[in-house]
């Protein structure tokens, strides 16, 4: 048995022997096309292009054969390269198929087929070579090296072969480079030298050392891997290991970027040489001190990075602030009046001094952070840094001197003399010289560099107007109003402070604290204006893109009749003309065509009738979409029948619209006919057929009844003859337009119920057939009586009736016996007939408009989006054969593949099982599923776990975030391509015959029966067949080949090998997925143990072989070592990317989904790669996402609403007009061959690239790529649904942004983008998080400022002594801007308005507010700012696995405390204490209204941060649960645990884990942390002087004496703790005695103080607010100083006190929760808030939460 078919499992073997060598490869195993055997019967091999590419590779011809190897005549050029350069055989096999597929697909796309169909076209190869080797060519020209790709001028077979060898060599190098693929220029270096050696072999060079033929420097089995890849790999690995898993500062070790950028200078040629010099100081063999250090950039942790990277923005903000202050200080009514004054004009010149000073700061920061780049080899860099600083300093001094001279001239003259004016002109001259290069750098250089297309000047204009508006707003509303109170404060002069003031000469500290919040707001309010601007622009672009025009079934009805034409126009390929390029005329014609289509104008859109192939083709696609809806259980069998477009039958003359469109049209037509009974035919018909659907309903009903009556009445009988004649007569009257003249229209309502009765009878004949027949006879006789006797206006006698053939000829058949022996019911088993009868019944009886079909909200949303997208602008679809080939890649680690039986049934602590939860949340879909199961043979619901457990598990898995769901979604591409391939090649006759085949298919199959069981089952079971409208029944065979050529799906299941060896049920599930999806491939890393410590790693690709009926191994490529030396997900993607195929690559995450109807548009999307956007073609196509987890709970809804606006409106604006959309992971489609040689689709350096996806976008933009965004296609996306999951996700993203701030990519983008794109880039990436942090800092500075004013006495003094009370009142309103946070919700509202309408959007917004969305968003604000700030300051970013389950279980208080104590609770308590102290000491707070108005938003922040985790926790206010939670919290707090105790078990383990970031932080981080912690001592300083005991003394001694309190408090605690440890266990009496003595002494001291000093009881409460923060400050500082304190006796005291503080915080947080739990009604209200979405859909959430599983 072959290893390729049944891989051996060696992981965890008990014996230590090496495994046997793998047996030889079975030649029949292949991946997509069997290149080894072109004569085999495989659908892909029918393409001449495949044969041409394979033949081109076989032209080895006269090439020199490699020595020491027996040459096999079957070998080709890839084998030749493999043997010569030592590549692995499976790498050769893999890249051979890769190359053949690529060349074949490219040749298929040629406009004109080549003259020789079986020959490879040279232009195809040339185009591919240029793209693939584009990065290598650029690298050569950048380093001034001659490219080693040397091609002769004349094109012939030899040049074609040589070009193939260059391309093949690069693919082989890339395919075996493993982790080196992340270092593209390193790969270029390797390729450069190997191409050089290839040239020497091809040109028959002689080896000077041997005199024989030249041979490459490396050859032999695995030589390339061992000699080239391994040394580089070992170096990277050594660097990562030295970084302690990325926890050391980034500046201390080299990451992937550093390794790569070493090859950006020519020194790599001198140092590394070729063959590689392994003793070079580049490699890990050399000691760390002598090794090459950081290259290109040093990542240093500091907030200064925000200034360094975006200095242009900060220069603008600071200079404008300075200028505004100067102008506002002049106190004129309007700013332009101040500008007329010469003094102000001269003062404005100081802006140039500031500008030069900022340049100096920038240069110092550059030198201070990047000094470690300077070495002997890079001395020039050091010189450059020094010169930059000197020049900036010189300019600062020059401007300072010139400015001083201006004022000295003015002061000496006493007025603005000519000399002073001359000096001003000199200053302006110097300023002009200084500003020229700055302005050029600011604006024009970057336009030239990155190319600014004409239409993107709109973006520039938008940003200019936005900036102008923002700065104007800031001047008039923030700076100007503050000038008066500032002057008032400064004019107060000497004042008596309430404390010992160290700087009492002026009120400068008060002024600084007054301005600080305003300055902070100024630095972030552009973010708010950006949110408003992006909402308006995004909505406008969305409107022009025709988004949201079809929102519901009603709007769908209006457009549905143009659907077939729209689908034909967009989804079906048009006839290829000779010049397919879009000329201006063609574009105009297209636009007019779309306009007609959109609004149903003009001749081309006259109503299509069923005879047209276009309509039939449309019906096939529409029905296939509805079939997938039914398979997904979104619709029921009945809804399927109402939605489908049935095939033409029963001689019906019109298109048979879905029943939901025809609904009550017939009844309306009948009432119209009754009203117009006496009007002429033409008038009636004109009225009735104003509605297309009504016209069709009438004709279909008439034709169906005619066919049905002729079917029911036995053919050949006299009655059959009469029925035929009656309809013949009616047809003639209609033709002659005398129907209303001949018949009484008001009798039509009498005929209608009789027909309904007859159809009813045919639908449900019942048990007794003879009874049913006799009933039918009675109905037919009644119909005969009405139609023949009463309906005509002219009465006819029996003779005339006999003459006209409307009465029986023989008197024997008198009228009483008419129809008695002439009725024959069709076969009850004929499902097709029954289906048509049901449709007719629906048309005849429907009375309502069917707005609620389909019932499923998701089905409606999908139909609306798909139908709307067909009327949007998208490229024309090519034929499947001519479309771009593409792959989908999904990284998978160890998440759920498919829910297990036990997992679904196992109840949680509240008695709720997952399946019960899903049944309630997706009630309609569960009913549809059960209906489908009954149709498939399930008889009893209880048997489902035994008979249909696989179906049940899949049903549940398709509603979670599982791999099964993702695979099903992505495999729709394969299904769509097969369908489209059939429709592309099918002739009119094929399609006509095909629909008839489908029409008869079901009845044929039913009559055949399945194992004789059908005859037993009741007819109700055999309703709709799953494949009753499935296009796959019509396939001819070639469709599979087309689809496989164009689409590959690779899931990279990293641990699949280990899972198989265990065995893990996940391995079985993955195998099941492969078995059921033939285009699915699984890549994994196999670990093979060779001995005790030696492990070999392989990249393995497997598939399920449908013929052999088992898993087979396709490729096994050895790796240099473990792949995971960087971040996990990108490394996982990278190892499998070599198995992907095609020109495009879609990256799909494990929590995504796709839809069949969207998959149909993929070939349109891929055409976007061929269009120019600006001056370049796109390299990443952004795709819209639909968040499918919004229905689970209110939290999930908030999250999905926030996310929806980002992935739609946000991305839309970033792509156009701002041109700064990056890659945000998920469904974006990459230009694969553009990215492969440029570092791949993500970056993988440890920690710095934790947000791996976005770095692909950064890399793309920096390397000259272009990112676009397209909204006519969407992909499903799951999001986290519980608060803890959401918070961990927010923490991960915020930490990732913190790391981005330090990265070289952000620095370079900040400096290389033009000014306007840089602004857009900043505010849409790291700037958003920085602004979020500033919002929180603003609240802090505002409140600390208020506290200073209150405690120092400045507020009281100012109120008593200032005349300018209006000015001081302005201070109170500083924080209005904080409330502007509302605007950040604007994009969400606007996007909702666009897609769902204004009123639904407003209603949604109001509902969200009632469900406390603001509480959630404010809480998220805290999460983001905490983790962003902490990451920049200390690092500690890590991947946080959020888990993707369903959240219905209650989270314990201890778990919430662990998660949020440091990020939210402690900060909320701090702000609460500030507000309380302020309320107690501020004169303003005595006016309750003023206090509330001033602090309401701050109190809201405190409440949000403290209460959100409990408000959004299921059963958060359940009294019993609250009691248990508190007990659990206390147990956790006091549990000591052992060495291996986890944070979940013990407070101490958690406490140490929480401060782990302080271990990795640098000196500056520790210093800043200590400085920030000093704020806690301010409480004590301020409050102590307000205690009654001080007697108004403001001496510094009061503060110093207050520390006695702290010493005594700690002393008491230490004594008690010591007594507890020494006596509590054995000498209990002594312990109690010690406690008694301490308590008595403490009480005695307090009583004495009360008696003999001014101490009052209130002082004791106030002192708590003073000293408790001091203690927390001391603990915080002690944590920073842990390395020095841990070994001393002090540390135990610190730990004990910290535990007490956490107990205190826990009690403070728990108190309001306990109160709300105790009060009645809050629990049910909270449940309503949390699950409102489900309540409004009528689901029994309370039953889910209480676990009462009564059905």
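For all residues, glycine too, the Cβ spot is worked out from N, Cα and C.
Automatic prediction, not curation, is the source of TrEMBL annotations.
Segment annotation: TrEMBL labels transmembrane segment over residues 1657-1680 (candidates 1537-1560, 1657-1680).
Range 1700-1719 is the one annotated as transmembrane segment, of 1700-1719, 1720-1739 (source: TrEMBL). TrEMBL lists transmembrane segment at one of the ranges 366-384, 385-403, 404-422, namely 385-403. With a cut-off of 8 Å between Cβ atoms, the residues of this chain six or more beyond the transmembrane segment (1401-1420) that come close are 1194-1195, 1197-1198, 1201-1202, 1283, 1286-1287, 1290, 1381, 1384-1385, 1388-1390, 1392-1393, 1464, 1500-1501, 1503-1505, 1507-1509, 1511-1512, 1729-1730, 1732.
With a cut-off of 8 Å between Cβ atoms, the residues of this chain six or more beyond the transmembrane segment (313-332) that come close are 306-307, 338-339, 341, 343-344, 347-348, 350-351, 354-355, 358, 471, 474-475, 479-480, 483-484, 519, 522-523, 1318-1319, 1322. Using a cut-off of 8 Å between Cβ atoms, the transmembrane segment (1489-1512) and the transmembrane segment (1700-1719) share at least three residue pairs, counting only pairs 6 or more apart in sequence. Beyond the transmembrane segment (1700-1719), the same-chain residues lying 6 or more positions past its ends with a Cβ under 8 Å from any Cβ of the stretch are 1453, 1457, 1461, 1465-1466, 1469, 1506-1507, 1510, 1516-1519, 1521-1522, 1525-1526, 1529-1530, 1533, 1547, 1551, 1613, 1668, 1671-1672, 1675. Helix, strand and coil residue tallies for the domain '1,3-beta-glucan synthase component FKS1-like' (161-277), in that order: 77 helix, 2 strand, 38 coil [DSSP].
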